[in-house]
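Peer 1: According to Swiss-Prot, the protein has these features:
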DISULFID  298-364  disulfide bond
DISULFID  327-396  disulfide bond
DISULFID  331-398  disulfide bond
CARBOHYD  155  N-linked glycosylation site
CARBOHYD  340  N-linked glycosylation site
REGION    257-286  region 'Disordered'
SIGNAL    1-19  signal peptide
């Protein structure tokens, strides 16, 4: 009875080995074939597991009028480029060096107590935290709101304070927890960043799924001011200037993947002989090319993962694919310095010469791995930036 191809074999079909070049797409000379529906599903499931995702995210489609770039995705795309530059040896960015995961949250509900109400005036924002993953430690959290220049009053000092709404009450003021205070001029323009990291312990310990933030504005002489008159924009602002929250996480441990069934290994039976091979027949010493004629020595080869070909560009923002690479080649004695061989690999190769049926050759394997970053939408339309460690082969060697 014919066996159905396993997921690892199908994964190999999704990853295209290249002859050379480092473009965003593999060259047309790369061997490819169209996968069947069942193969495609198995392959997608396997790669999702590698990416640490339980399933394929399915973000809600945006109406045509709302498809102009929004503030959170634009900011997260800048973070993605900064994280990519950091992985390539660029200057480290604030919070990014310690973060494995960055999540943005869009303001879901907004309430105001402004003109016509009793003072103090305030603006309140609410965020849905149901998508925060378990087992992640918060390293930093920020609230970002855009400020336009204000002439009411002209060129005066403003104090912007942020509080967490701990508990709401129907007959009295809500219980608040102070988070941050920023001082600026009324004529300033740009993104105002408020540190809300202190609120993260409450989310994680109490498993709160709704975060309320309240913002107050005061003048230098202590008078309460309508945040809108101070130039602070809310949900009615253009999409590229709407407020949002960003949280940086670091995984407490590597995600555990579900084990796959594996066939038991068959032990090779050694040949019964008391004679050593003839000296001129020792594999690897006198042959050109270190081993089987025509075989290349251990080195790195290119391997490309295409999210476009997987049909995932409806939720993957960047990249469209990436070069993962793989290691392949001979590790036959003598092992040159270019093979990055370990002392154990050299010893194993020597013993293999004497007893090739008992001790195998050293293996060509990665000696250095690096991370790759993926920016995508989750099923709640939050934008996620996740750094996946040990996903790209940087160097190969004999082990």
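Numbers here mean position along the shown chain, with the first residue as 1.
Keep in mind that glycine also has a Cβ here, set from the backbone N, Cα and C atoms.
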Peer 1: Among all protein chains shown, how many Cβ atoms are found within 10 Å of the Cβ of residue 327 (disulfide bond), not counting that one?
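Peer 2: Its Cβ shell of radius 10 Å holds 20 other Cβ atoms.
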Peer 1: Three states by DSSP: which one describes residue 340 (N-linked glycosylation site)?
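Peer 2: In three-state terms, residue 340 (N-linked glycosylation site) counts as coil.
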Peer 1: If I take the Cα of residue 364 (disulfide bond) as reference, which of the recorded positions 155, 331, 340 has the closest Cα?
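Peer 2: Among 155, 331, 340, 331.
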Peer 1: What residue among the glycosylation sites 155, 340 has the most other CB atoms lying within 10 A of its CB?
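Peer 2: Per the Cβ count, the most surrounded site is 340.
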Peer 1: Please report the number of other Cβ atoms within 10 Å of the Cβ of residue 398 (disulfide bond).
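Peer 2: If we count other Cβ atoms within 10 Å of residue 398 (disulfide bond), we arrive at 28.
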Peer 1: CB neighbours of residue 364 (disulfide bond) within 10 A?
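Peer 2: Other Cβ atoms found within 10 Å: 25.
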Peer 1: Given the disulfide-bonded residues 298, 396, which one has the fewest other C-beta atoms within 10 angstroms of its C-beta?
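Peer 2: Looking at the disulfide-bonded residues 298, 396, the Cβ with the fewest others within 10 Å is that of 396.
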